[in-house]
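Just below is one structure, and these are the notes that go with it.
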Amino acid sequence: MATNLQDGNTPCLAATPSDPRPTVLVFDSGVGGLSVYNEIRQLLPNLHYIYAFDNVAFPYGEKSEEFIVERVVEIVTAVQQRYPLALAVIACNTASTVSLPALREKFAFPVVGVVPAIKPAARLTANGIVGLLATRGTVKRPYTRELIDRFANECRIEMLGSAELVELAEAKLHGEPVPLEELRRILRPWLRMQEPPDTVVLGCTHFPLLQEELQRVLPEGTRLIDSGAAIARRTAWLLEHEAPDAKSSDENKAFCMALTAETEQLLPVLHRYGFPTLEKLPL
């Protein structure tokens, strides 16, 4: 079935008939959450997936906590009204650090968040120096400091906050090349260190999309760690043990908050990830 672009009031193409499958929402401010979705899909290929991204308010890294909580609850509510959910994954580090309590209070289905993979990084580092690459919001939030104090208090944590990397990842998915000189400029504080981090936590779901380029710029042998595989395992456990029986036989679907020329450019990418249609989600 060809990928098509639809607004919220346009009837969808007929869904491909299939057995009912648990419906799982994966949400991000942008398309970085596709990296988490891909890990979940590899482990759990036979689910009904909804991918929603907030291209109107993107990026979240510089937004206030109050705005993020209200916005994420509003979007998840709108999806739940259309498709009863078995589980939701907030595939955005920034949103996860502030919105999970409100979401878990409002909804009966499990809500999985994404947090920086500091704990495994602290176990893997050989030189005791761990880099945290995240948005500026994630770097500044108390939740991140709590993770470090709890799981990596014997390591030296070098934090680097960047909104530009998010933009570069989005541009890459739109087909634009990633300028390595720009990456070197962003990572310069680490590249100038006499002993740089040997293990780097990708603390934003956009950043695994830049893994190849990051490995070309960082010192040889630097480990890059993200939480995608752990989120997939957690999703599988919750679906088996705690999720409600919310199923659909519809095809996978992607939602954005506004249809634009940029979202139209994403159609081939979404199709490759298994989303044949993209709609505007009415809020």
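Just so you know, glycine gets a Cβ as well, placed from its N, Cα and C.
As given in Swiss-Prot:
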| type | residues | note |
| --- | --- | --- |
| ACT_SITE | Cys92 | active site, proton donor/acceptor |
| ACT_SITE | Cys204 | active site, proton donor/acceptor |
| BINDING | Asp28, Ser29, Tyr60, Gly61, Asn93, Thr94, Thr205, His206 | substrate binding site |
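Shown here: features listed in Swiss-Prot, placed on the structure.
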residue : record                             : CB count, 10 Å
Asp28   : substrate binding site             : 28
Ser29   : substrate binding site             : 29
Tyr60   : substrate binding site             : 27
Gly61   : substrate binding site             : 25
Cys92   : active site, proton donor/acceptor : 32
Asn93   : substrate binding site             : 30
Thr94   : substrate binding site             : 29
Cys204  : active site, proton donor/acceptor : 33
Thr205  : substrate binding site             : 33
His206  : substrate binding site             : 29
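It is 6 Å from the Cα atom of Thr205 (substrate binding site) to that of Cys92 (active site, proton donor/acceptor). Following the DSSP three-state reduction, the secondary structure of Asp28 (substrate binding site) is strand.
If you measure from the Cα atom of Cys92 (active site, proton donor/acceptor) to that of Tyr60 (substrate binding site), you get 9 Å.
The Cβ centroid of Asp28, Ser29, Tyr60, Gly61, Asn93, Thr94, Thr205, His206 marks the substrate site; residues of that chain outside this set whose Cβ lies within 8 Å of it are Gly30, Gly32, Gly33, Pro59, Cys92, Ala95, Thr135, Val166, Cys204, given in sequence order. For the pair Ser29 (substrate binding site) and Cys204 (active site, proton donor/acceptor), the Cα-Cα distance reads 11 Å. Counting only the Cα atoms, the space from Gly61 (substrate binding site) to Cys204 (active site, proton donor/acceptor) is about 10 angstrom. The two recorded residues, Tyr60 (substrate binding site) and Cys204 (active site, proton donor/acceptor), show a Cα separation of 11 Å. Secondary structure from DSSP puts Cys92 (active site, proton donor/acceptor) in coil. Recorded residues Asp28 (substrate binding site) and Cys204 (active site, proton donor/acceptor) have their alpha carbons 10 Å apart, per Cα-Cα distance. Between the alpha carbons (Cα) of Thr94 (substrate binding site) and Cys204 (active site, proton donor/acceptor) lies a span of roughly 8 Å. In this structure the alpha carbons, written CA, of Asn93 (substrate binding site) and Cys204 (active site, proton donor/acceptor) are 6 Å apart.
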